[in-house]
Ligand SMILES: Cc1cc2nc3c(=O)[nH]c(=O)nc-3n(C[C@H](O)[C@H](O)[C@H](O)COP(=O)(O)OP(=O)(O)OC[C@H]3O[C@@H](n4cnc5c(N)ncnc54)[C@H](O)[C@@H]3O)c2cc1C
(Lines of atoms letter the chains of each structure in order from A and count residues from 1; the text may use other names and numbers.)
(Lines give C-alpha, C1' and ligand atoms only; values in the text may rest on other atoms or scores of the structure.)
Protein backbone atom coordinates (compact mmCIF):
# COMPACT_ATOMS: atom_id res chain seq x y z
CA UNK A 1 0.00 0.00 0.00
CA UNK A 2 1.24 3.54 -0.75
CA UNK A 3 2.15 5.35 2.49
CA UNK A 4 -0.12 8.33 3.31
CA UNK A 5 0.90 11.60 1.62
CA UNK A 6 2.87 9.84 -1.12
CA UNK A 7 1.77 10.21 -4.76
CA UNK A 8 0.16 6.89 -5.73
CA UNK A 9 2.59 6.20 -8.60
CA UNK A 10 5.73 6.44 -6.47
CA UNK A 11 7.34 3.42 -4.78
CA UNK A 12 7.99 3.82 -1.03
CA UNK A 13 11.32 5.35 -0.01
CA UNK A 14 14.26 3.01 0.60
CA UNK A 15 15.81 5.47 3.03
CA UNK A 16 15.36 3.31 6.10
CA UNK A 17 16.15 0.02 4.38
CA UNK A 18 19.46 -1.24 5.77
CA UNK A 19 22.13 -0.84 3.10
CA UNK A 20 23.13 -4.52 3.41
CA UNK A 21 19.58 -5.43 2.36
CA UNK A 22 19.75 -3.08 -0.62
CA UNK A 23 22.95 -4.66 -1.94
CA UNK A 24 23.06 -8.22 -0.56
CA UNK A 25 25.49 -9.52 -3.23
CA UNK A 26 28.08 -6.84 -2.50
CA UNK A 27 27.78 -7.29 1.26
CA UNK A 28 28.11 -11.07 0.92
CA UNK A 29 31.21 -10.82 -1.26
CA UNK A 30 32.95 -7.99 0.65
CA UNK A 31 33.65 -8.74 4.34
CA UNK A 32 34.43 -5.10 5.21
CA UNK A 33 31.16 -3.28 5.71
CA UNK A 34 32.50 -0.09 7.30
CA UNK A 35 35.40 2.08 6.21
CA UNK A 36 37.74 4.23 8.30
CA UNK A 37 35.12 6.91 8.91
CA UNK A 38 31.37 7.41 9.07
CA UNK A 39 29.42 9.20 6.39
CA UNK A 40 27.30 12.28 7.03
CA UNK A 41 27.63 15.94 7.86
CA UNK A 42 27.96 15.47 11.63
CA UNK A 43 30.96 13.16 11.17
CA UNK A 44 32.39 15.52 8.54
CA UNK A 45 32.20 18.51 10.87
CA UNK A 46 33.88 16.52 13.65
CA UNK A 47 36.72 15.64 11.26
CA UNK A 48 36.95 19.26 10.13
CA UNK A 49 37.21 20.31 13.75
CA UNK A 50 40.41 18.26 14.06
CA UNK A 51 42.08 20.04 11.12
CA UNK A 52 45.54 21.38 11.98
CA UNK A 53 46.94 23.26 8.97
CA UNK A 54 50.12 24.28 10.80
CA UNK A 55 51.10 20.73 11.70
CA UNK A 56 50.01 19.65 8.22
CA UNK A 57 52.52 22.00 6.63
CA UNK A 58 55.29 20.44 8.75
CA UNK A 59 54.73 16.72 8.43
CA UNK A 60 52.04 15.83 5.89
CA UNK A 61 54.35 13.58 3.87
CA UNK A 62 54.97 11.26 6.83
CA UNK A 63 52.62 8.34 7.33
CA UNK A 64 51.97 9.49 10.90
CA UNK A 65 51.72 13.14 9.85
CA UNK A 66 48.77 15.45 10.45
CA UNK A 67 46.80 14.74 7.27
CA UNK A 68 43.16 15.78 7.39
CA UNK A 69 41.39 12.59 6.16
CA UNK A 70 38.63 14.83 4.82
CA UNK A 71 38.76 13.42 1.29
CA UNK A 72 35.63 11.19 1.45
CA UNK A 73 33.61 14.21 2.60
CA UNK A 74 35.04 16.38 -0.16
CA UNK A 75 34.50 13.65 -2.73
CA UNK A 76 30.83 13.33 -1.90
CA UNK A 77 30.23 17.03 -1.33
CA UNK A 78 29.45 16.62 2.36
CA UNK A 79 31.95 19.45 2.75
CA UNK A 80 32.91 21.89 -0.01
CA UNK A 81 36.47 22.89 -0.85
CA UNK A 82 35.55 26.50 -0.07
CA UNK A 83 34.30 25.76 3.45
CA UNK A 84 37.31 23.57 4.26
CA UNK A 85 39.62 26.31 2.97
CA UNK A 86 37.77 28.92 5.07
CA UNK A 87 38.16 26.75 8.16
CA UNK A 88 41.87 26.22 7.45
CA UNK A 89 42.38 29.98 7.19
CA UNK A 90 40.49 30.54 10.45
CA UNK A 91 42.89 28.23 12.24
CA UNK A 92 46.14 30.02 11.39
CA UNK A 93 47.53 33.40 12.47
CA UNK A 94 48.21 34.51 8.88
CA UNK A 95 46.95 32.98 5.59
CA UNK A 96 50.47 32.08 4.48
CA UNK A 97 50.69 29.59 7.39
CA UNK A 98 47.94 27.55 5.71
CA UNK A 99 49.69 27.72 2.34
CA UNK A 100 50.49 24.02 2.06
CA UNK A 101 47.00 22.90 2.98
CA UNK A 102 45.20 25.32 0.66
CA UNK A 103 47.60 24.38 -2.11
CA UNK A 104 46.72 20.70 -1.62
CA UNK A 105 43.01 21.50 -1.80
CA UNK A 106 43.74 23.26 -5.07
CA UNK A 107 44.89 19.96 -6.58
CA UNK A 108 41.39 18.63 -6.02
CA UNK A 109 39.91 21.69 -7.72
CA UNK A 110 42.44 21.45 -10.56
CA UNK A 111 41.83 17.75 -11.30
CA UNK A 112 38.07 18.23 -11.04
CA UNK A 113 38.24 21.05 -13.58
CA UNK A 114 40.32 18.90 -15.93
CA UNK A 115 37.76 16.09 -15.55
CA UNK A 116 34.91 18.49 -16.31
CA UNK A 117 36.75 19.35 -19.50
CA UNK A 118 37.87 15.93 -20.78
CA UNK A 119 35.29 13.60 -19.17
CA UNK A 120 35.85 9.94 -20.01
CA UNK A 121 39.24 10.97 -21.48
CA UNK A 122 40.62 10.51 -17.94
CA UNK A 123 40.54 6.76 -18.68
CA UNK A 124 42.83 7.17 -21.74
CA UNK A 125 46.61 7.65 -21.70
CA UNK A 126 46.76 11.44 -21.94
CA UNK A 127 50.33 11.09 -23.21
CA UNK A 128 52.42 8.00 -24.00
CA UNK A 129 54.36 6.34 -21.16
CA UNK A 130 57.88 7.83 -20.81
CA UNK A 131 59.34 4.48 -19.86
CA UNK A 132 60.45 3.46 -23.34
CA UNK A 133 57.67 0.85 -23.23
CA UNK A 134 54.56 0.74 -25.40
CA UNK A 135 51.09 0.70 -23.86
CA UNK A 136 50.79 -2.96 -24.91
CA UNK A 137 53.64 -3.90 -22.51
CA UNK A 138 51.31 -3.31 -19.53
CA UNK A 139 49.18 -6.27 -18.46
CA UNK A 140 45.40 -5.85 -18.64
CA UNK A 141 44.98 -8.47 -15.94
CA UNK A 142 45.11 -7.18 -12.38
CA UNK A 143 47.34 -9.50 -10.30
CA UNK A 144 45.46 -11.52 -7.67
CA UNK A 145 48.40 -11.39 -5.22
CA UNK A 146 48.20 -7.58 -5.12
CA UNK A 147 44.43 -7.63 -4.75
CA UNK A 148 44.64 -10.17 -1.94
CA UNK A 149 47.80 -8.83 -0.30
CA UNK A 150 49.90 -11.98 -0.78
CA UNK A 151 52.90 -10.67 -2.72
CA UNK A 152 55.27 -11.41 0.18
CA UNK A 153 56.48 -7.78 0.47
CA UNK A 154 55.11 -6.62 3.83
CA UNK A 155 54.71 -2.98 2.77
CA UNK A 156 52.71 -3.82 -0.37
CA UNK A 157 50.58 -6.41 1.40
CA UNK A 158 49.83 -4.05 4.29
CA UNK A 159 48.72 -1.30 1.91
CA UNK A 160 46.53 -3.71 -0.02
CA UNK A 161 44.91 -4.79 3.25
CA UNK A 162 44.49 -1.18 4.46
CA UNK A 163 42.81 -0.26 1.19
CA UNK A 164 40.39 -3.18 1.30
CA UNK A 165 39.65 -2.92 5.01
CA UNK A 166 39.49 0.85 5.57
CA UNK A 167 38.95 2.55 2.20
CA UNK A 168 41.74 5.03 2.96
CA UNK A 169 45.42 5.33 2.06
CA UNK A 170 47.78 8.19 2.82
CA UNK A 171 48.80 10.10 -0.32
CA UNK A 172 52.37 8.80 -0.11
CA UNK A 173 51.13 5.22 0.11
CA UNK A 174 48.91 5.76 -2.93
CA UNK A 175 51.96 6.93 -4.88
CA UNK A 176 54.14 4.04 -3.68
CA UNK A 177 51.51 1.41 -4.34
CA UNK A 178 50.57 2.77 -7.77
CA UNK A 179 54.25 2.95 -8.74
CA UNK A 180 54.80 -0.67 -7.66
CA UNK A 181 51.76 -1.83 -9.62
CA UNK A 182 52.58 0.01 -12.82
CA UNK A 183 56.36 -0.05 -12.93
CA UNK A 184 57.45 -3.13 -10.98
CA UNK A 185 54.58 -5.34 -12.09
CA UNK A 186 53.93 -3.68 -15.48
CA UNK A 187 50.20 -3.52 -14.95
CA UNK A 188 48.06 -1.20 -17.05
CA UNK A 189 47.31 1.84 -14.86
CA UNK A 190 43.49 1.84 -15.44
CA UNK A 191 43.42 -1.63 -13.82
CA UNK A 192 44.99 -0.18 -10.68
CA UNK A 193 42.82 2.91 -10.83
CA UNK A 194 39.67 0.76 -10.97
CA UNK A 195 40.86 -1.27 -7.97
CA UNK A 196 41.29 1.98 -6.01
CA UNK A 197 37.86 3.30 -7.07
CA UNK A 198 36.22 0.11 -5.84
CA UNK A 199 37.63 0.52 -2.34
CA UNK A 200 38.54 4.16 -1.61
CA UNK A 201 35.81 6.07 0.20
CA UNK A 202 37.04 9.10 -1.77
CA UNK A 203 37.51 7.27 -5.10
CA UNK A 204 36.63 9.40 -8.10
CA UNK A 205 37.80 9.33 -11.71
CA UNK A 206 39.14 12.87 -11.57
CA UNK A 207 41.51 12.78 -8.60
CA UNK A 208 42.20 9.09 -8.83
CA UNK A 209 42.90 8.62 -12.52
CA UNK A 210 44.85 11.82 -13.01
CA UNK A 211 47.11 10.89 -10.09
CA UNK A 212 47.55 7.38 -11.54
CA UNK A 213 48.49 8.98 -14.87
CA UNK A 214 51.05 11.12 -13.05
CA UNK A 215 52.67 8.05 -11.48
CA UNK A 216 52.53 6.18 -14.79
CA UNK A 217 54.11 9.10 -16.73
CA UNK A 218 51.14 9.33 -19.09
CA UNK A 219 50.57 12.86 -17.77
CA UNK A 220 54.07 13.74 -16.67
CA UNK A 221 57.52 13.88 -18.26
CA UNK A 222 58.90 10.89 -16.32
CA UNK A 223 57.62 7.97 -14.25
CA UNK A 224 57.35 8.17 -10.46
CA UNK A 225 59.68 5.80 -8.60
CA UNK A 226 60.52 5.33 -4.94
CA UNK A 227 63.02 3.24 -3.07
CA UNK A 228 63.57 1.75 0.36
CA UNK A 229 65.36 4.87 1.61
CA UNK A 230 62.31 6.95 0.74
CA UNK A 231 60.03 4.46 2.49
CA UNK A 232 62.19 4.45 5.64
CA UNK A 233 62.27 8.23 5.70
CA UNK A 234 58.49 8.68 5.65
CA UNK A 235 57.21 5.43 7.19
CA UNK A 236 60.03 4.38 9.53
CA UNK A 237 60.88 0.68 9.63
CA UNK A 238 57.38 -0.55 10.53
CA UNK A 239 57.24 -2.67 7.34
CA UNK A 240 60.88 -3.61 6.82
CA UNK A 241 61.25 -4.77 10.44
CA UNK A 242 58.81 -7.61 9.75
CA UNK A 243 59.55 -8.27 6.11
CA UNK A 244 61.16 -11.55 5.01
CA UNK A 245 62.56 -9.70 1.97
CA UNK A 246 64.33 -7.07 4.09
CA UNK A 247 67.71 -8.82 4.09
CA UNK A 248 67.65 -10.08 0.55
CA UNK A 249 65.25 -9.78 -2.35
CA UNK A 250 63.67 -6.40 -1.48
CA UNK A 251 62.68 -4.99 -4.89
CA UNK A 252 62.95 -1.43 -3.57
CA UNK A 253 66.42 -1.64 -2.04
CA UNK A 254 68.32 0.11 -4.82
CA UNK A 255 69.33 3.54 -6.05
CA UNK A 256 66.96 5.41 -8.35
CA UNK A 257 69.42 4.96 -11.22
CA UNK A 258 69.56 1.19 -10.69
CA UNK A 259 65.77 0.93 -10.41
CA UNK A 260 65.30 2.98 -13.53
CA UNK A 261 67.71 0.77 -15.44
CA UNK A 262 66.01 -2.39 -14.19
CA UNK A 263 62.42 -1.29 -14.82
CA UNK A 264 62.50 0.88 -17.94
CA UNK A 265 63.97 0.58 -21.39
CA UNK A 266 64.50 4.31 -21.78
CA UNK A 267 63.34 7.65 -20.45
CA UNK A 268 61.09 8.69 -23.30
CA UNK A 269 58.10 7.40 -25.19
CA UNK A 270 58.47 4.22 -27.21
CA UNK A 271 58.59 4.94 -30.97
CA UNK A 272 55.14 5.38 -32.53
CA UNK A 273 53.29 5.74 -29.20
CA UNK A 274 50.92 8.68 -28.93
CA UNK A 275 48.63 10.10 -26.26
CA UNK A 276 44.94 10.99 -26.30
CA UNK A 277 45.31 14.62 -25.21
CA UNK A 278 46.05 17.23 -27.89
CA UNK A 279 48.87 19.50 -26.58
CA UNK A 280 46.73 22.65 -26.54
CA UNK A 281 43.50 21.03 -25.38
CA UNK A 282 43.59 22.43 -21.82
CA UNK A 283 45.31 25.72 -22.57
CA UNK A 284 42.36 28.12 -22.29
CA UNK A 285 39.40 26.56 -20.53
CA UNK A 286 36.69 29.19 -20.09
CA UNK A 287 36.24 30.34 -16.51
CA UNK A 288 32.61 30.80 -15.60
CA UNK A 289 31.47 32.28 -12.34
CA UNK A 290 28.47 30.51 -10.86
CA UNK A 291 25.05 31.57 -12.06
CA UNK A 292 22.35 31.06 -9.45
CA UNK A 293 18.93 30.28 -10.93
CA UNK A 294 15.58 31.74 -9.84
CA UNK A 295 13.43 29.46 -7.73
CA UNK A 296 10.07 28.42 -9.17
CA UNK A 297 6.97 26.93 -7.52
CA UNK A 298 6.84 23.55 -9.32
CA UNK A 299 10.31 22.09 -8.75
CA UNK A 300 11.52 18.88 -7.18
CA UNK A 301 15.09 18.46 -5.97
CA UNK A 302 17.44 15.74 -7.19
CA UNK A 303 20.33 15.11 -4.79
CA UNK A 304 23.21 13.10 -6.30
CA UNK A 305 26.39 11.57 -4.93
CA UNK A 306 28.59 14.63 -5.50
CA UNK A 307 26.73 16.86 -3.01
CA UNK A 308 25.41 14.73 -0.16
CA UNK A 309 25.00 17.47 2.39
CA UNK A 310 22.06 19.09 4.19
CA UNK A 311 23.70 22.34 2.99
CA UNK A 312 23.15 21.25 -0.65
CA UNK A 313 22.24 24.47 -2.49
CA UNK A 314 19.25 22.99 -4.33
CA UNK A 315 17.87 21.57 -1.07
CA UNK A 316 18.35 24.95 0.59
CA UNK A 317 16.59 26.77 -2.26
CA UNK A 318 13.63 24.40 -2.14
CA UNK A 319 13.40 23.50 1.53
CA UNK A 320 9.64 22.92 1.24
CA UNK A 321 9.67 20.86 -1.96
CA UNK A 322 10.08 17.07 -2.30
CA UNK A 323 13.59 15.78 -2.89
CA UNK A 324 14.90 12.48 -4.24
CA UNK A 325 18.15 10.51 -4.13
CA UNK A 326 18.57 7.58 -6.54
CA UNK A 327 21.04 4.72 -6.07
CA UNK A 328 22.53 4.45 -9.56
CA UNK A 329 22.58 0.68 -9.94
CA UNK A 330 24.42 0.85 -13.28
CA UNK A 331 27.26 2.96 -11.89
CA UNK A 332 27.64 0.92 -8.70
CA UNK A 333 27.99 -2.18 -10.83
CA UNK A 334 30.34 -0.60 -13.37
CA UNK A 335 32.66 0.63 -10.60
CA UNK A 336 32.11 -2.50 -8.42
CA UNK A 337 31.73 -0.16 -5.46
CA UNK A 338 32.64 -1.89 -2.19
CA UNK A 339 30.28 -2.46 0.74
CA UNK A 340 32.13 0.07 2.96
CA UNK A 341 31.71 2.79 0.37
CA UNK A 342 28.01 2.01 0.02
CA UNK A 343 27.71 2.21 3.81
CA UNK A 344 29.42 5.61 3.76
CA UNK A 345 27.02 6.93 1.08
CA UNK A 346 24.03 5.43 2.91
CA UNK A 347 25.06 7.22 6.12
CA UNK A 348 25.28 10.52 4.22
CA UNK A 349 21.87 9.98 2.62
CA UNK A 350 20.29 9.07 5.97
CA UNK A 351 20.80 12.66 7.17
CA UNK A 352 19.06 14.22 4.16
CA UNK A 353 15.36 15.03 3.69
CA UNK A 354 15.09 12.81 0.62
CA UNK A 355 12.92 10.06 -0.81
CA UNK A 356 15.30 7.25 -1.79
CA UNK A 357 14.84 5.22 -4.97
CA UNK A 358 17.13 2.98 -7.03
CA UNK A 359 17.66 1.92 -10.63
CA UNK A 360 18.02 4.05 -13.75
CA UNK A 361 18.57 7.60 -12.49
CA UNK A 362 16.89 9.42 -15.39
CA UNK A 363 13.80 7.22 -15.22
CA UNK A 364 13.51 7.49 -11.43
CA UNK A 365 14.03 11.26 -11.24
CA UNK A 366 11.58 11.83 -14.11
CA UNK A 367 9.00 9.58 -12.43
CA UNK A 368 9.51 11.43 -9.13
CA UNK A 369 9.02 14.81 -10.84
CA UNK A 370 5.89 13.61 -12.61
CA UNK A 371 4.44 12.10 -9.47
CA UNK A 372 4.77 15.53 -7.83
CA UNK A 373 3.46 17.43 -10.87
CA UNK A 374 6.82 19.21 -11.29
CA UNK A 375 8.24 20.62 -14.53
CA UNK A 376 11.60 21.58 -13.01
CA UNK A 377 14.32 19.42 -11.47
CA UNK A 378 16.67 21.42 -9.26
CA UNK A 379 20.08 19.93 -8.58
CA UNK A 380 23.76 20.80 -8.08
CA UNK A 381 26.45 20.64 -10.80
CA UNK A 382 28.79 17.69 -11.28
CA UNK A 383 31.85 17.31 -13.53
CA UNK A 384 30.89 13.74 -14.39
CA UNK A 385 30.03 12.93 -18.04
CA UNK A 386 27.35 10.57 -16.71
CA UNK A 387 25.69 13.53 -15.00
CA UNK A 388 25.69 15.48 -18.30
CA UNK A 389 23.93 12.57 -20.02
CA UNK A 390 21.27 12.34 -17.28
CA UNK A 391 20.61 16.09 -17.53
CA UNK A 392 20.23 15.79 -21.32
CA UNK A 393 17.86 12.85 -20.93
CA UNK A 394 15.73 14.68 -18.35
CA UNK A 395 15.48 17.64 -20.68
CA UNK A 396 14.53 15.33 -23.53
CA UNK A 397 11.68 14.15 -21.26
CA UNK A 398 10.40 17.74 -21.19
CA UNK A 399 11.81 18.66 -17.76
CA UNK A 400 13.88 21.78 -17.09
CA UNK A 401 17.02 21.15 -15.06
CA UNK A 402 18.26 23.92 -12.78
CA UNK A 403 21.84 23.85 -11.49
CA UNK A 404 22.46 25.42 -8.07
CA UNK A 405 26.21 25.98 -7.66
CA UNK A 406 28.25 25.62 -4.48
CA UNK A 407 30.52 28.51 -3.38
CA UNK A 408 33.61 28.67 -5.58
CA UNK A 409 36.96 27.61 -4.19
CA UNK A 410 38.97 29.76 -6.58
CA UNK A 411 37.96 32.29 -9.21
CA UNK A 412 39.87 33.57 -12.21
CA UNK A 413 39.81 36.73 -14.30
CA UNK A 414 40.53 34.75 -17.45
CA UNK A 415 40.16 31.41 -19.14
CA UNK A 416 42.15 28.87 -17.12
CA UNK A 417 45.35 27.24 -18.30
CA UNK A 418 44.85 23.69 -17.06
CA UNK A 419 47.83 22.10 -18.78
CA UNK A 420 49.91 22.27 -15.62
CA UNK A 421 48.87 22.87 -12.04
CA UNK A 422 51.48 25.61 -11.54
CA UNK A 423 49.88 27.83 -14.20
CA UNK A 424 46.36 27.24 -12.92
CA UNK A 425 47.60 28.02 -9.38
CA UNK A 426 49.25 31.21 -10.54
CA UNK A 427 45.88 32.32 -11.91
CA UNK A 428 43.70 31.40 -8.94
CA UNK A 429 46.03 31.68 -5.93
CA UNK A 430 44.78 35.06 -4.69
CA UNK A 431 41.16 34.02 -4.69
CA UNK A 432 41.99 30.61 -3.18
CA UNK A 433 43.15 32.60 -0.15
CA UNK A 434 39.88 34.52 -0.06
CA UNK A 435 41.06 37.68 -1.86
CA UNK A 436 39.79 39.20 -5.10
CA UNK A 437 41.19 37.31 -8.12
CA UNK A 438 44.36 38.92 -9.49
CA UNK A 439 45.98 38.79 -12.91
CA UNK A 440 48.67 36.09 -12.95
CA UNK A 441 52.14 37.23 -11.96
CA UNK A 442 54.27 37.73 -15.08
CA UNK A 443 56.80 34.98 -15.56
CA UNK A 444 60.48 35.77 -15.42
CA UNK A 445 62.43 35.13 -18.63
CA UNK A 446 64.30 32.26 -16.96
CA UNK A 447 61.13 30.59 -15.73
CA UNK A 448 59.54 30.96 -19.16
CA UNK A 449 62.52 29.35 -20.89
CA UNK A 450 62.56 26.48 -18.39
CA UNK A 451 58.85 25.91 -18.92
CA UNK A 452 59.04 25.90 -22.68
CA UNK A 453 61.75 23.27 -22.44
CA UNK A 454 59.75 21.04 -20.11
CA UNK A 455 56.05 21.91 -20.49
CA UNK A 456 54.65 19.12 -18.41
CA UNK A 457 52.09 18.59 -15.69
CA UNK A 458 53.68 18.48 -12.27
CA UNK A 459 51.88 17.12 -9.31
CA UNK A 460 52.33 16.32 -5.71
CA UNK A 461 55.62 17.38 -4.33
CA UNK A 462 55.60 14.68 -1.68
CA UNK A 463 58.57 12.61 -2.81
C1 LIG B 1 47.44 6.98 -7.16
C2 LIG B 1 46.62 8.03 -6.42
C3 LIG B 1 45.24 7.93 -6.38
C4 LIG B 1 44.47 8.91 -5.73
N5 LIG B 1 43.11 8.79 -5.73
C6 LIG B 1 42.34 9.78 -5.18
C7 LIG B 1 40.92 9.72 -5.22
O8 LIG B 1 40.32 8.79 -5.78
N9 LIG B 1 40.22 10.72 -4.62
C10 LIG B 1 40.83 11.76 -3.99
O11 LIG B 1 40.14 12.63 -3.45
N12 LIG B 1 42.17 11.84 -3.96
C13 LIG B 1 42.95 10.90 -4.53
N14 LIG B 1 44.31 10.98 -4.48
C15 LIG B 1 44.92 12.20 -3.92
C16 LIG B 1 45.32 12.12 -2.43
O17 LIG B 1 46.10 10.99 -2.20
C18 LIG B 1 44.11 12.10 -1.52
O19 LIG B 1 43.23 13.17 -1.82
C20 LIG B 1 44.53 12.26 -0.07
O21 LIG B 1 45.48 11.29 0.28
C22 LIG B 1 43.31 12.14 0.81
O23 LIG B 1 43.66 12.12 2.16
P24 LIG B 1 43.47 13.40 3.09
O25 LIG B 1 42.10 13.92 2.99
O26 LIG B 1 43.97 12.98 4.43
O27 LIG B 1 44.47 14.39 2.38
P28 LIG B 1 45.23 15.69 2.90
O29 LIG B 1 46.68 15.43 2.72
O30 LIG B 1 44.76 16.09 4.25
O31 LIG B 1 44.82 16.77 1.83
C32 LIG B 1 43.67 17.58 1.97
C33 LIG B 1 42.83 17.49 0.74
O34 LIG B 1 43.57 18.00 -0.38
C35 LIG B 1 43.23 17.28 -1.54
N36 LIG B 1 44.42 16.59 -2.05
C37 LIG B 1 45.55 16.29 -1.39
N38 LIG B 1 46.43 15.67 -2.20
C39 LIG B 1 45.82 15.57 -3.40
C40 LIG B 1 46.20 15.05 -4.66
N41 LIG B 1 47.38 14.45 -4.87
N42 LIG B 1 45.33 15.12 -5.67
C43 LIG B 1 44.12 15.69 -5.51
N44 LIG B 1 43.70 16.22 -4.35
C45 LIG B 1 44.55 16.16 -3.31
C46 LIG B 1 42.19 16.24 -1.15
O47 LIG B 1 40.92 16.76 -1.40
C48 LIG B 1 42.44 16.08 0.35
O49 LIG B 1 41.33 15.65 1.08
C50 LIG B 1 45.11 10.00 -5.10
C51 LIG B 1 46.51 10.09 -5.13
C52 LIG B 1 47.26 9.11 -5.77
C53 LIG B 1 48.77 9.23 -5.80
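Here the Cβ of each residue, glycine as well, is placed from N, Cα and C on the backbone.
Among the ranges 398-430, 431-463, the stretch that TrEMBL annotates as region 'Disordered' is 431-463. If you average pLDDT over the domain 'Cryptochrome/DNA photolyase FAD-binding' (102-218) in this model, you get 98. Maximum C-alpha to C-alpha distance over the listed FAD-binding residues 101, 104, 105, 106, 107, 108, 109, 110, 111, 202, 203, 204 is 20 Å.
Within the domain 'Cryptochrome/DNA photolyase FAD-binding' (102-218), the DSSP-based counts of helix, strand and coil residues read 80 helix, 2 strand, 35 coil.
Set side by side, the binding-site residues 101, 107, 111 differ in how many other CB atoms lie within 10 angstroms of their CB, and the most is found at 101. Around the Cβ of residue 105 (FAD binding site), the same chain contributes 81, 84, 85, 88, 409, 432, each under 8 angstroms and 6 or more positions distant in sequence. A sphere of 10 angstroms centred on the C-beta of residue 203 (FAD binding site) encloses 23 other C-beta atoms.
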